[in-house]
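Input: one structure, supplied below.
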């Protein structure tokens, strides 16, 4: 397959490297992995039933964008420190025009919100992408000029999954600022940061996959969580089998709020077992699911959880149509489906809850597709698959909640 060569040019601009004294650089704190012990600690300190917000953990490289008052040059940082402008880091220079626009917009909105000038505004996020092994997606080889030399843009992660895009992208998840040069950084509460992120055209940011008490969040099955990112970066029509997400980052909803005095951890990683950094023995035996017991108890308490629909479908028109589709799964439709089936499959014990739910889901999809606009029918393949999964999920939930009554009513001896 032919490789396309794209080159972007950037001038080398003198800039004093700052960060060694720590006055500008803010190291992103390592996040603890979730396990039964840490979850029990949350229960013990009364934080378990607080509101928590889970976002997809993107598999990439930590990346910070710094806007400093009085300086035209934006600075960029990896996990270990602010980089000099000529450092090659996966080819991030190709994104500089977009990154500058993002942080400039955030600075303007944040200063207006705070009604004051701010010394530093920092967007924390993840640099990711560079690999997408789909037969219909061309392999590309791009370079970018750094310090007068062409440098190859490389994949940030090379694992078989998750894969996001053949191109490089930035995924924002935090906003911090400091008012004065000698001051400390303040972190915006998640909802405040999202309010700003969503006002910046083209910015990819960490949307809530699920939120609520920890009992609800922990019921989310990270082992079967397919990454939500590809449709957001143009790969929605190119599904990959087994493209599992790395996991979730789960934050306390009040993290960053003035006066919030937590008695336990406020940020945890819920990782898919394949990404957990622990094994059963020192010889690197099979990895273990440290959240298995917690997840089982949470499912018993809150039920199985799917990602919030808004994290999957982000186009407003498509989102409204998706909600309408789920409204097609209702008791009246279930009664109509049962009337078409009759009592014989129930008398012979040939009908199971899953089979009935599948019939209900198919009926809902059929009626929805008859009346919906062509633009909705032709949404990306990955989103269509997700919506089908939601319809089946809602159908199963409705059928299971009424199964005993259904068996009673479908008996030939039943009378009102």
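The backbone N, Cα and C atoms fix where each Cβ goes, and this holds for glycine too.
Got these off Swiss-Prot a minute ago, pasting:
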type: TRANSIT; residues: 1-17; note: transit peptide
type: BINDING; residues: 29-31, 56-62, 79, 126, 173, 269-271; note: ATP binding site
type: ACT_SITE; residues: 57; note: active site, N6-AMP-lysine intermediate
Which one, from the binding-site residues 57, 59, 79, has the smallest tally of other C-beta atoms lying within 10 Å of its C-beta?
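Among the binding-site residues 57, 59, 79, the lowest count of other Cβ atoms within 10 Å belongs to 79.
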Please classify the secondary structure at residue 59 (ATP binding site) using three-state DSSP.
coil
Which residues of the same chain, at least 6 positions away in sequence, have a Cβ lying under 8 Å from the Cβ of residue 31 (ATP binding site)?
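Listed in sequence order: 249, 267, 268, 269.
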What does DSSP assign residue 173 (ATP binding site), in three states?
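Reduced to three states, the DSSP call for residue 173 (ATP binding site) is strand.
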For residue 61 (ATP binding site), list the number of other Cβ atoms lying within 10 Å of its Cβ atom.
16
Within the chain of residue 173 (ATP binding site), which residues six or more apart in sequence place their C-beta under 8 angstroms from its C-beta?
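The list for residue 173 (ATP binding site) reads 55, 124, 125, 126, 193, 205, 206, 249, given in order along the sequence.
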For residue 29 (ATP binding site), just count the other CB atoms lying within 10 A of its CB, please.
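Residue 29 (ATP binding site) is surrounded by 7 other Cβ atoms within 10 Å.
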Would you count the other CB atoms within 10 A of the CB of residue 270 (ATP binding site), including those on all shown protein chains?
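Result for residue 270 (ATP binding site): 23 neighbouring Cβ atoms inside 10 Å.
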